[in-house]
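One structure is given below, encoded as structure tokens.
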Amino acid sequence: MDVVILDTGCANLSSVTYAVQRLGYTPVISRDPAVVLRADKLFMPGVGTAHAAMEQLRQRELIELIKSCTQPVLGICLGMQLLATSSEESGGITTLGMIDAPVKKMTDFGLPLPHMGWNQITAQAGNHLFRGIPDGTYFYFVHGYAMPICPNTIAQTNYGEPFTAAVEKDNFFGVQFHPERSGAAGAQLMKNFLEM
């Protein structure tokens with residue numbers, strides 16, 4: 001199986017690479033359209049600001065390439081946020097628009113921001129991405145912006161208020177947390193994605 005980690009220019013690709021390798025796969029890091037479109041599974045990790053990430057995608061001519069993908073794509077952290085229509089970050093920017101929902105600055109409910117550390121998720125019953133992962137399982141989060149609950153939400157987390165922890169639309173999946181840093185539960189989620 002061809003597993004590709006998209007070289008977005010805005011991510012720590014090594015931790016995702018190692019996590020995929022531990023599951024017995026040999027991922028390729030690439031931004032070559034031929035390699036990306038031939039992939040059976042595509043990971044889209046991202047860290048940093050949405051503005052800088054979209055600029056990297058623009059410079060690398062990846063925006064239309066991502067939108068044209070028909071295989072399962074998993075956006076991780078900022079990679080998930082980029083699937084939204086817009087982000088309030090950097091004064092408001094347009095993002096990829098696969099999920100019809102915005103990403104908003106998290107509200108200060110007296111809890112430390114950014115939201116950093118382990119938190120529990122509640123997943124949609126029977127969703128394939130969360131197979132074998134019980135409700136209440138902890139995943140590792142690092143973010144100050146979040147997608148509100150929307151029709152494409154498949155898992156949510158509460159941090160002062162509920163927000164989208166995972167999203168799915170057609171072949172596009174996204175997780176706000178870092179599965180590659182979430183121990184056995186994160187490995188199970190990545191395995192579920194790779195076995196779709």
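Please read every residue number as a count from 1 along the shown chain.
Using the three backbone atoms N, Cα and C, a Cβ is placed for every residue, glycine included.
Model, not experiment: these values are computed from the prediction.
The domain 'Glutamine amidotransferase type-1' annotation in Swiss-Prot covers 2-196.
The active site, nucleophile annotation in Swiss-Prot covers C77. When other Cβ atoms within 10 Å of the Cβ of C77 (active site, nucleophile) are tallied across all protein chains shown, the result is 26.
Sequence-distant contacts of H178 (active site), defined as residues of its own chain at least six apart whose C-beta falls under 8 angstroms from its C-beta, comprise S15, I76, C77, F139, Y140, F141, V142, G186. H178 (active site) carries neither a helix nor a strand DSSP state and counts as coil. Per Swiss-Prot, active site is recorded for H178 (among others), and the stated evidence type is sequence analysis.
According to Swiss-Prot, the active site annotation covers E180 (among others), on the basis of sequence analysis.
In this view, E180 (active site) is surrounded by 24 other Cβ atoms within 10 Å of its Cβ, with every protein chain counted.
Averaged over the domain 'Glutamine amidotransferase type-1' (2-196), the predicted model has a pLDDT of 96.
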